[in-house]
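The active site annotation in TrEMBL covers 28. For 76, the entry in TrEMBL reads active site, proton acceptor. Positions annotated as Mg(2+) binding site by TrEMBL: 28, 215. Under the heading substrate binding site, TrEMBL lists 29-33, 41, 45, 73-75, 77, 79, 196, 202-204.
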Ligand code: IPE
Ligand code: IPE
Ligand code: MG
């Protein structure tokens, strides 16, 4: 963003020894942060956007290649209309106010989630963010918006079923790799590390397929409190983990 040095943002393929290449974050606890202070929930969401700015900057400085953020879930539509309108307003403002800074910082924006049912003006802003930053080579910021992992997998299944129905694909040719190739961002590697703030310990329909071998770190801070030190703490915890991918320690540890 404006204060970060673009040269500090590494290429998506770069990773330090033992550093996570792809970090995904479930930004949770805005409402509780506000309630604790006697503030309206929307103030928690507003402060959550500030935490997001800090986190994008920190991810760039720490050399993370890909940062995926869970911004709005398929199930969040069940919240009261006033809160949904606050969240949509914040997304609009974030793109309007921050897109130029992100672009200047060489950030490449990607979006995952169901777009066809979104308000056309929101879908247009998401498209604009992707189009403007398409050729950038720094941090890849994946915005999961109107995202639900079961819905994403169902969309992939629909695409494959259509290919089978058209006679272009044999059912027995459907492999795990083929399903993965029809997900929303098939070119990106699975997250190495998934962080959830607020103390809740669940995935809430986030990246269920991609999280097969992700390390999960649960941070006891509300999202508006999250900062570079908290990100570094989660990465330090990740580095202490032994990844085995079903194999044995010697063969599976490290990447
Ligand atoms: C995360 O904070 C933001 C979104 C889910 C959009 P919450 O709004 O879930 O805050 P809590 O979990 O109620 O504290
Ligand atoms: C997950 O948080 C969704 C986002 C962070 C956007 P929720 O607050 O919606 O999840 P639950 O309802 O506590 O599982
Ligand atoms: Mg929540």
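Numbering starts at 1 and runs along the chain as displayed.
Each Cβ is built from the backbone N, Cα and C atoms, and glycine gets one as well.
Automated prediction, rather than curation, is the source of TrEMBL annotations.
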By Cα-Cα distance, the member of recorded positions 28, 76, 215 nearest residue 196 (substrate binding site):
28
Look up residue 196 (substrate binding site) in the DSSP assignment and report helix, strand or coil.
strand
Between residue 77 (substrate binding site) and residue 28 (active site), how far is it from one CA atom to the other, in Å?
16
Rounded to the nearest Å, what's the C-alpha distance separating residue 74 (substrate binding site) and residue 215 (Mg(2+) binding site)? Just drop the number here, would you?
24
Of 29, 31, which of the binding-site residues has the most Cβ neighbours inside 10 Å?
29
Taking only the recorded positions 28, 45, 215, which have a CB closer than 6 angstroms to any atom that belongs to ligand 2?
28
If you measure residue 31 (substrate binding site) to residue 76 (active site, proton acceptor) at Cα, how many Å is it?
13
Recorded positions close to ligand 3 - of 28, 45, 77, only those whose C-beta is under 6 Å away:
28
Distance, residue 215 (Mg(2+) binding site) to residue 33 (substrate binding site) (CA atoms, angstrom):
26
Of 28, 196, 203, 215, which recorded positions come close to ligand 1, meaning Cβ under 6 Å from one of its atoms?
28
Quiz question: given the binding-site residues 45, 196, which has the greatest number of C-beta atoms lying within 10 angstroms of its own C-beta?
196
